[in-house]
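Asker: According to TrEMBL:
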COMPBIAS  1-10  compositional bias 'Polar residues'
COMPBIAS  20-31  compositional bias 'Basic and acidic residues'
DOMAIN    37-225  domain '3'-5' exonuclease'
DOMAIN    272-340  domain 'K Homology'
REGION    1-31  region 'Disordered'
Amino acid sequence: MASSSPSHSYLTHLPLHPSHQGDSEKRVEDDESRVPIHIVTAASQLPVEFLEPSPQSKLVIGFDCEGVDLCRKGTLCVMQLAFPDAVYLVDAIEGGEELIIACKPALESNYITKVIHDCKRDSEALYFQFGIKLNNVVDTQIAYSLIEEQEGRKRLRDDYISFVGLLADPRYCKSYDEKEEVRVLLRQDPKFWRHRPLSEQMVRAAADDVRFLLYIYHQMMEKLNERSLWYLAVRGVLYCRCFCLNSNNFADWPSLPPIPDNLNADGSDPKEEILSVLDIPQGKMGLVIGKRGATILSIKQSCNAEILTGGPKGPPDKVFIIGPVKEVRKAEAMIRGRILDI
């Protein structure tokens, strides 16, 4: 099989947090933050501490996946890993299932924190295609909303910021020029990420999706209080499970973190959160969504819970609800009412 690696190497700028660089005024694009991009087609090219997680060498890495129609049935093409000293592009097309399975211990490990923006479809693809239960994520989409709430800026539970929007926020990322040409290519060629060998444009686009994540992670962790950190952990577990339906109610998945004793003691009264999956009878989803989404928007505005449908990627007959138990039950009742409404 031909190698996907270009004949020359690539470097990218990896923004350094002040705690790592010693000077908070250094530009994100400083030459001193340049790190190599490694294209990986065999597990032996990955760091040992990643392949063999241990409590003695805990890691925090940026993480993302690229693919064609990425979901349970789509194709995972590239898995990006951002370390403080390098970016690794794990080529699932050239390396095949064996390479992705070699990453399974790391992706399921409690000793490796995976920083990602919107983990739901990535988790779904990993679970249904490779049997991997993505675990111990810090989802920057969730963290952003928790910080907004902490600072008194209320948002709907599923009014989440896009990754481009996050990168444009000067509180979290000092410098980023979105490459619109890649977005245009993806619209023109939905199989963009399947092409081999990886072009320079593909390499840089893939690296761009993870190279800022560690910097953003440190910025966010400084802002989150203990209550928000617990919600971040709980929602990370629930979002990883979200589209990964199985027959045993996630009994073999990592458990939800318990409410810390100090949060119960200080009177902040955190609420247990759950994931509920509703089966929608055939032909009834339109009643749930309503004309131009008006019905489901009204339900969302009435409940402090996130309500998701499978959309074009599926599953087409399910509604997923995440939030505090009382709010989830309220949303369930409203959705069932719409199904019965004639």
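Numbering starts at 1 and runs along the chain as it is shown here.
Each Cβ is built from the backbone N, Cα and C atoms, and glycine gets one as well.
Since we're looking at a predicted model, the values are computed, not measured.
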Asker: Take every residue in the domain 'K Homology' (272-340), average their pLDDT values, and give the whole-number result.
Answerer: 94
Asker: Using DSSP, what is the helix/strand/coil residue split across the domain 'K Homology' (272-340)?
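Answerer: Going by DSSP assignments, the domain 'K Homology' (272-340) contains 36 helix, 18 strand, 15 coil.
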